[in-house]
Every structure is written in structure tokens, then in C-alpha cells.
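Participant: Below are the features listed in Swiss-Prot for this protein:
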TOPO_DOM  1-6  topological domain 'Cytoplasmic'
TRANSMEM  7-27  transmembrane segment
TOPO_DOM  28-334  topological domain 'Lumenal'
MOD_RES   T103  phosphothreonine
MOD_RES   T108  phosphothreonine
BINDING   D197  Mn(2+) binding site
REGION    245-254  region 'Interaction with galactose moiety of substrate glycoprotein'
ACT_SITE  E284  active site, proton donor/acceptor
Amino acid sequence: MPKRRDILAIVLIVLPWTLLITVWHQSSLAPLLAVHKDEGSDPRHEAPPGADPREYCMSDRDIVEVVRTEYVYTRPPPWSDTLPTIHVVTPTYSRPVQKAELTRMANTLLHVPNLHWLVVEDAPRRTPLTARLLRDTGLNYTHLHVETPRNYKLRGDARDPRIPRGTMQRNLALRWLRETFPRNSTQPGVVYFADDDNTYSLELFEEMRSTRRVSVWPVAFVGGLRYEAPRVNGAGKVVGWKTVFDPHRPFAIDMAGFAVNLRLILQRSQAYFKLRGVKGGYQESSLLRELVTLNDLEPKAANCTKILVWHTRTEKPVLVNEGKKGFTDPSVEI
């Protein structure tokens with residue numbers, strides 16, 4: 001059995017060598033483990049030679065740095081004194097997906113310079129939900145309201161003589177514009193009727209900005225078709241309509257498929273959407289026939305060959321379990 005003195009001697013001999021080997025091992029691996037970062041260099045690593053920088057995967061260190069970046073809410077572009085103002089008229093009404101629809105639309109409009117959002121609620125008063133949402137966006141907006149009388153509202157029957165949803169709200173916006181701007185106003189502007197459930201390309205707003213009288217373009221997912229569009233001849237003039245539903249309408253076009261010069265709206269003070277005696281699909285014609293003829297229309301979107309707006313609709317949420325056993329708090333705004 002080894003003596004205690006012998007064990008101590010072995011420990012004193014082995015311990016220094018163990019420490020030396022450990023230090024040497026760490027110093028030899030350090031260059032391989034270290035992340036080099038030169039002063040003044042971009043914290044993101046450059047892609048290897050020949051690699052597509054858009055497909056190059058950054059290191060874990062870079063990903064962590066991106067996650068730590070604080071979110072900054074985007075505000076609209078600076079106002080320009082040279083660009084015409086686009087007045088976007090949006091009727092809206094209370095429903096479970098209203099805030100989601102308006103939020104999505106606001107996120108699009110935030111990228112459009114010189115834009116004024118005219119939001120008109122179908123309600124007896126302006127609702128706090130819509131008021132807060134508009135205020136928080138930072139957009140240039142006007143918040144109006146007018147309630148459609150119950151006996152005017154559609155009941156889902158195409159033969160029902162009641163007016164289509166949004167008619168009174170769009171008319172209130174037209175009245176507001178005429179009361180705000182004098183009839184002989186020289187301020188350049190364009191009026192566009194944009195529902196809150198559609199999807200809009202940013203290119204669409206730049207296309208309509210140069211509207212002299214009334215500009216037109218295709219709209220996707222309407223009339224039971226992939227898209228409806230004005231029919232344009234070789235001379236760049238609108239001569240008809242590519243649609244199945246009643247193609248002989250004066251203006252067989254969807255509400256999202258045209259924009260009107262502000263001066264024309266101000267000068268033709270009698271032009272409104274008709275409340276009575278208008279068949280389904282004729283609301284657009286009831287306004288446009290008071291403003292222009294077919295020959296006056298200006299085809300946009302590459303002579304009406306590009307799709308820049310989609311008549312999308314959010315699926316109605318199934319809330320069959322709502323209110324059972326107090327599972328959710330009804331005071332939480334959605």
C-alpha cells in the first residue's frame with residue numbers, strides 16, 4: 001500500500017503537466033472558435049465568393065442581433081407639394097374582422113405618398129375601435145359616419161330593391177369633398193373608392209395619380225371570373241367591357257376599377273351614387289354616367305392588361321364557442 005508521502009509526490013508531478021496541457025489545448029482552438037469582427041466593418045458576414053447574397057444564411061450571432069432590433073412603426077412618406085393627393089374613400093361597418101381588414105389596408109396606405117384616407121362608418125356614431133386605429137396609423141385621415149336605415153339594407157336577395165352596402169357612406173364622402181374644397185379649386189387630386197376587404201398593389205396608386213378625368217383598370221375575382229377588364233382597342237381607347245354579367249351596362253366595371261379626378265367631382269355637384277331605382281351591378285354606372293362618356297375613359301395598368309387590385313374577402317370566422325363558460329373576455333378588442 002503506497003504511503004501518503006508517495007501519493008503527494010505523484011500529485012505534485014501530474015498536476016503541473018495537466019495544467020500545461022489544458023492551457024495549450026485552449027490556445028490552439030481559440031482561433032477556430034472566435035468570431036472575428038474588424039473595427040468599422042458591417043456586423044453581417046459577407047457571402048462566400050460566388051454565392052448569391054440573397055440566399056446566404058447568416059450566422060447565429062447575426063440572427064440574435066437582428067432579433068434584438070427594436071421595432072419602429074413606419075409613418076407615411078413626407079408630403080410632396082408637387083404630387084396630386086389621392087383621396088381614398090373607404091366605407092366600413094362593425095363585424096368581427098373589421099379591425100383586421102382596416103389594419104391590413106392601413107399597412108398598404110402607409111407606403112403611398114400624398115394620401116388622404118376618408119373612412120366612413122355605417123353607424124349612428126364614430127366607434128372607438130375605428131377612431132383609435134386611425135389615430136395610431138399616423139395617416140392623414142378624415143373619420144365620418146352615417147347609418148344606413150334598416151329598411152334600406154340588403155337582405156341577400158339579388159331582386160331586393162334595397163340599396164347596396166356602402167352607398168350612403170360613399171355619398172357622404174362625396175358631399176364632404178364638395179363642402180371642403182371650393183368648386184373652382186385648383187388643388188390637384190384623385191378620388192378612389194376602396195373597400196376595406198380588397199387587396200391593393202402599391203403600383204395601382206401611382207397609376208391613378210395622373211388621372212385627368214376618369215381612369216380605369218382590371219379587377220380580379222369579380223363577376224364569377226378570374227378578372228373583369230375594360231376592352232381597349234389598338235388606339236388605346238376603351239370600347240367595351242370584358243365581363244359576363246350584363247356587359248351592356250353603361251360602365252360594366254367594379255367599384256375598385258376606376259378613379260375620378262377631384263376637379264370633376266367638384267364641378268359635377270349633382271353626381272352621386274343613386275339610392276333608389278338602380279339594379280344590382282349598376283351602382284358604378286349611376287355615378288360615372290353623370291361624369292363622363294365611354295370615350296373619356298383613360299385605360300391604366302398597361303392598357304388594362306395588368307392586375308393591380310384583387311376583390312378578396314376575409315373568411316367569416318367561426319365563433320360557435322364564443323360566450324361558453326366565460327372562456328374569452330368580451331372586452332378584449334379584436
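Placed from the backbone N, Cα and C atoms, the Cβ positions cover glycine too.
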Participant: May I ask for the residues of the chain that lie six or more residues beyond the region 'Interaction with galactose moiety of substrate glycoprotein' (245-254) and have a Cβ under 8 Å from a Cβ within it?
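Facilitator: For the region 'Interaction with galactose moiety of substrate glycoprotein' (245-254), the far contacts come to 216, 219, 222-224, 228, 230, 281-282, 284-285, 288-289, 294, 311.
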Participant: Sorry to bug you, but what's the C-alpha spacing from D197 (Mn(2+) binding site) to T108 (phosphothreonine), rounded to the closest Å?
Facilitator: 12
Participant: On the DSSP side of things, how many residues of the region 'Interaction with galactose moiety of substrate glycoprotein' (245-254) fall into helix, strand and coil, could you say?
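Facilitator: Looking at the region 'Interaction with galactose moiety of substrate glycoprotein' (245-254) with DSSP, the answer is 0 helix, 0 strand, 10 coil.
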Participant: Taking only same-chain residues 6+ apart in sequence, whose CB is under 8 Å from that of D197 (Mn(2+) binding site), what do you get?
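Facilitator: The answer is E101, T312, R313, T314.
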Participant: Do me a favour and check the Cα-Cα span between the residue listed as 'active site, proton donor/acceptor' and T103 (phosphothreonine); whole Å is fine.
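Facilitator: Just about 26 Å between their Cα atoms.
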Participant: Across all protein chains in the structure, which of the modified residues T103, T108 has the highest Cβ count within 10 Å?
Facilitator: T108
Participant: So for E284 (active site, proton donor/acceptor), how many other CB atoms are inside 10 Å of its CB?
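Facilitator: There are 21 of them.
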